[in-house]
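The structure under discussion appears below in the form of structure tokens.
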Amino acid sequence: LQAMSGSEQDWLALKPQEPSPSQCCGSGCKPCIYDVYEKELAQWERAKAMQDKSLLMGKKEQSNNSELNPDTFTAFSVSSVEQLTEDTYQYKFELPGNSSLRLSLGQHIVLRGVVNGLEVQRAYTPISPRNAEGYFEVLIKCYEAGLMSQYIKTWKKGDVVLWRGPFGGFPYQPNKHGELLMLASGTGLAPMLPILQSITDDEEDETFVTLVGCFPTFDKIYLKPLLQDLARYWNIRIFYVLSQETSLEKLPWSYQENTYTGRLNEDLVKTIINSCRRRPYVLICGSSAFNEDMSGYLKAAGIEENSCFVF
């Protein structure tokens, strides 16, 4: 077998690497990392056929202009790390000047990390108001065995992290729905917050909102001060469902009347829907099991599929 010529080896070294399954975050991004790979591979094949390496010059691994981009990763630096509960953290990232991410509501961004030489990608939804200038914030739950969590737990102020996006989102329009019912489990709260804040920031927006936050215990409710502030608005109601609390007696009195113990089941979903001031449009975000359960309960309560959006 004849040895590969030097130039053959050069071309092979330039060939884009096919992503491994761990690199796909599974959130249905457009473009997905596999789409980006297909595009780069086609570019490489064209350049190789024409023996012209300059055709690859456009291939950038990451961009340096600090603007979020769906096709390439951009580096952002961590400006603060705040631990919210034993396994949940709020990370703040710097944006150059007073720029803003300009996400539409509930959009997510994809994080790239390398752990033990393995590249991993995961999707997270920024919780900062979408007009926040000079920074954005992300709420992240770290799992003991999670590959990405091992990487995230090492972050400290000044570290540089790679993001791309934005993807997805809920096409929210002020006053389009009489009432929004938000069913959120744990960090599923994230995409709900920018929507809530855009409603409270807009005096013309008279949409009613009922947010139901599901957490194991009272101590594990994230961002209590922010949620308490939001609940003071005339058009916002917030309920908590705590699966591992057995009684409400130990809770501060201000939480007792809007908190339920146990799980968010079919009966409770019906009760909450019946207490809504108008027929609600429902937003759901949580684990896939939670999302599936909620969709079933809503169907049982007579809420049509076209009146629901699952993040």
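In case you wondered, yes, glycine gets a Cβ from its N, Cα and C as well.
What TrEMBL says about a protein is an automatic prediction, not a curated fact.
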Among 1-20, 161-180, 241-260, where does TrEMBL put the label region 'Disordered'?
1-20
Can you tell me how the residues of the domain 'FAD-binding FR-type' (71-173) break down into helix, strand and coil by DSSP?
6 helix, 51 strand, 46 coil
Other residues with Cβ within 8 Å of the Cβ centroid of Arg122, Tyr124, Leu139, Lys141, Met148, Ser149 at the FAD site?
Leu111, Val138, Ile140, Cys142, Gly146, Ile152, Thr187
